[in-house]
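Novice: Input: one structure, supplied below.
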Amino acid sequence: MDAIIWEGNRLRLLDQTKLPGTIEYIECNDYYTVAEAIKRLSVRGAPAIGAAAAYGLVVGAGQIQTEDPKVFLEKLESIAGELGATRPTAVNLRWALDRMMLRLSSAGEKSVQELRDILLEEAHAIYNEDVESNRRMGEYGQQLFPDEVRVLTHCNAGALATAGYGTALGVIRAAHERGKKVSVYADETRPLLQGARLTSWEMVQEGIPVTLITDNMAGYLMSQKMVDCVIVGADRITANGDVANKIGTYGVAVLAKYHQIPFYVAAPLSTIDMNLSSGEQIPIEERDAREVTHHAGQVVAPDGVKAWNPAFDVTPNGLVTAIITEKGVVQPPYTENLKKIFRDKKQEEV
Ligand SMILES: CSC[C@@H](O)[C@@H](O)C(=O)COP(=O)(O)O
């Protein structure tokens with residue numbers, strides 16, 4: 001199931017808030033619809049947000065009515081600002097928009113129509129490269145798994161959270177495709193249940209054995225020696241290897257350390273923010289308290305109660321066994337080894 005579809009010059013986004021019950025696509029005829037879809041988590045997951053915003057910028061470019069390239073670029077910059085402000089933690093969003101704008105600024109003198117065409121080409125490149133990165137990550141990551149493995153994951157880092165195939169779930173998929181006996185425990189992931197609604201759905205569709213648990217069961221699961229490793233995705237990784245991911249990830253990492261279970265993070269280089277030296281600098285999105293006080297539209301807390309709703313937490317690098325990227329598996333010390341992986345990538349591009 002594709003989260004993002006560009007077809008016949010139209011953008012359609014799968015409304016993930018309705019899964020697994022209803023499969024419905026949102027038609028995005030203007031960039032406000034894309035921005036709204038990102039804000040309300042119709043499209044979610046760091047790489048998917050980046051690709052959706054890139055296409056959102058293409059849609060926005062079509063709304064700008066001018067033939068003057070300078071005016072066009074000014075208006076586009078403002079649309080990129082609006083799209084970029086929709087969710088603060090996933091760095092892929094800013095990364096994709098910056099890449100789109102940079103491509104235009106390095107294009108030289110072009111007509112407005114040519115600039116629009118370049119934008120679409122770049123959005124396709126971001127999308128296609130993400131799928132390719134996930135497949136590579138899958139190949140590297142699956143080598144860390146023994147032939148028979150029970151894996152715990154948190155939130156949804158699958159095909160739905162990316163342009164396709166998935167990061168953490170991509171590694172699980174790759175292991176399964178290579179004939180390894182993989183079974184998955186999926187944390188339900190309160191408050192919005194991405195684990196229950198999306199991860200377990202993806203695994204069922206794929207025929208990979210999955211068992212759903214509530215978030216507070218992970219400790220007992222580990223104490224019963226029912227899990228061999230943890231693998232999660234990421235929304236932003238800083239230069240020292242600290243990892244921001246869905247709220248609850250930190251708790252799982254602490255439990256994994258205590259139980260001496262490897263804790264892996266799978267993420268493309270577009271999720272690694274080398275401009276931030278540590279996780280304390282990552283902006284953490286706080287969402288509406290109603291997501292905590294309500295469940296499926298029903299109130300589950302007394303009227304007037306205060307609720308706190310940070311959408312992400314930060315797992316310190318010391319709890320991370322390895323970071324799986326499309327360029328290989330990065331081991332500690334992260335400050336040194338992440339720098340090296342970016343240096344190698346730059347050399348490859350020359
Ligand atoms: C491959 S995506 C990894 C993360 O983006 C994912 O684990 C996550 O935390 C998603 O959060 P969400 O709030 O659903 O966008």
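Positions of Cβ are set from backbone N, Cα and C atoms, glycine also.
Whatever TrEMBL says is automated annotation, not expert-curated.
For reference, TrEMBL lists these features for the protein:
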type: BINDING; residues: ARG44, GLY45, ALA46, ARG87, GLN194, ASN245, LYS246; note: substrate binding site
type: SITE; residues: CYS155; note: site 'Transition state stabilizer'
type: ACT_SITE; residues: ASP235; note: active site, proton donor
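Quick one: how deep are these features, and who are their neighbours?
Specialist: Within 10 Å of the C-beta of ARG87 (substrate binding site) there are 24 other C-beta atoms, taking all protein chains into account.
Cβ-based neighbour count (10 Å, all protein chains) for CYS155 (site 'Transition state stabilizer') stands at 28.
DSSP assigns ASP235 (active site, proton donor) to coil in the three-state reduction, placing it in neither a helix nor a strand.
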Novice: Of the residues named as substrate binders, ARG44, GLY45, ALA46, ARG87, GLN194, ASN245, LYS246, how far apart in Å are the Cα atoms of the most distant pair?
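Specialist: Largest Cα to Cα distance for the substrate-binding set is 17 Å.
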Novice: Using the Cβ centroid of ARG44, GLY45, ALA46, ARG87, GLN194, ASN245, LYS246 as the reference point for the substrate site, which residues of the same chain not in that list have Cβ within 8 Å?
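Specialist: Along the chain, the qualifying residues are ILE49, ALA90, CYS155, ASN156, ALA157, ALA161, GLY233, ASP235, ALA311, PHE312.
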Novice: Less than 6 Å between Cβ and the nearest atom of ligand 1 is the rule; apply it to the binding-site residues ALA46, ARG87, LYS246.
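Specialist: Those binding-site residues that pass the cut-off, since their Cβ is under 6 Å from ligand 1, are ALA46, LYS246.
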Novice: Long-range same-chain neighbours of ARG44 (substrate binding site), Cβ under 8 Å, sequence gap at least 6?
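Specialist: GLN16, ILE38, ASN156, LEU160, ALA161, GLN194 - these are the non-local Cβ neighbours of ARG44 (substrate binding site), listed in sequence order.
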Novice: What's the CA to CA span in angstrom from CYS155 (site 'Transition state stabilizer') over to LYS246 (substrate binding site)?
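Specialist: Counting only the Cα atoms, the answer is 6 Å.
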